[in-house]
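All remarks here apply to the structure that follows.
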């Protein structure tokens, strides 16, 4: 059998959200930064992303990451995040998945009771700490990038829901944060179609009306998704939220970068005190925890350094092939 390409992956989920780690088979991407390597792959090898994210190997809500060499002295490896629409700047559930895999599979030197993992991502360097008892990885906490409110109390007009008001905040990606209660949007599986329509309409309207540019990373220059908050199902949770991002993709986890942005938003609005913990619940009831480590600035913008905690589990290993004779080898999507 003659094949065009073979790709090896580790299959992980974080709070229910898939994360496919590509460990071999990728072309070597040139570049001194992760952003440069991402740009090269987007220009020269985007068909690999489509093959691994789209059906029949993936699905409309698939997510993954390409391992690459580190670009900073404290990192163990780098990652390029991929999804159904393209490439992202940050992925907190991906950081948790990568860190879990790195410790479970011995990609880093392991120490009891906690192992450090350094990751270079498009949004910058991220440091994670994984509980390790000598046999199994446990919860992961990571120090998020500086997070902040970009604009408060901004409004957009949507075709189906009218005027929607919320905050634009950054936690590794820009999100439009909004309360779902006024729009009868419970954060539950049964409401997913309405949540998707709402999130997609708000994201499109916000990107059209509010140009965003990260003060220090100009390549981060769009609103990645809508985060809709409402009441949780578990009494120990602070809130539930649903992130609709990329091309109408729904995060099954509570969204790591979104949790970082939410921590910044609540803290800067006086709704989360230093030392308090946000217990953030997902659409399927899984939980991330977030808290403020310290205050900082990004350019002239007041910001905080959040810590986000969650758990991931390896659920498989795979070898994928690309066969040019297959008319669907680079995938398709049916919603």
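From the backbone N, Cα and C atoms, a Cβ is placed for every residue, glycine too.
Small disclaimer: the values here were computed from a predicted structure and weren't measured.
Residues annotated as active site, proton acceptor in Swiss-Prot: 91. Annotation source Swiss-Prot lists substrate binding site at 92, 93, 256, 257.
Residue pair residue 257 (substrate binding site) / residue 91 (active site, proton acceptor) shows a Cα separation of 6 Å. Among the residues 92, 93, 256, 257 said to bind substrate, no two Cα atoms are farther apart than 8 Å.
Around the Cβ of residue 256 (substrate binding site), 34 further Cβ atoms fall within 10 Å across all displayed protein chains. Calculated from their C-alpha atoms, the gap between residue 256 (substrate binding site) and residue 91 (active site, proton acceptor) amounts to 6 Å.
Under a cutoff of 8 A between CB atoms, and with a sequence separation of 6+ in the same chain, the neighbours of residue 91 (active site, proton acceptor) are 19, 63, 65, 81, 121, 172, 256, 257. The record gives 92, 93, 256, 257 for substrate. Within 8 Å of the mean position of their Cβ atoms, the other Cβ atoms in that chain belong to 14, 90, 91, 94, 95, 96, 172, 253, 255, 258, 259, 260, 288, 308, 310.
Annotation for residue 92 (substrate binding site): same-chain Cβ neighbours under 8 Å, separated by at least 6 residues, are 142, 144, 171, 172, 255, 256, 257, 258, 259, 260, 288, 308, 310. Scoring each of the binding-site residues (93, 257) by how many neighbouring Cβ atoms lie within 10 Å, the top position goes to 257.
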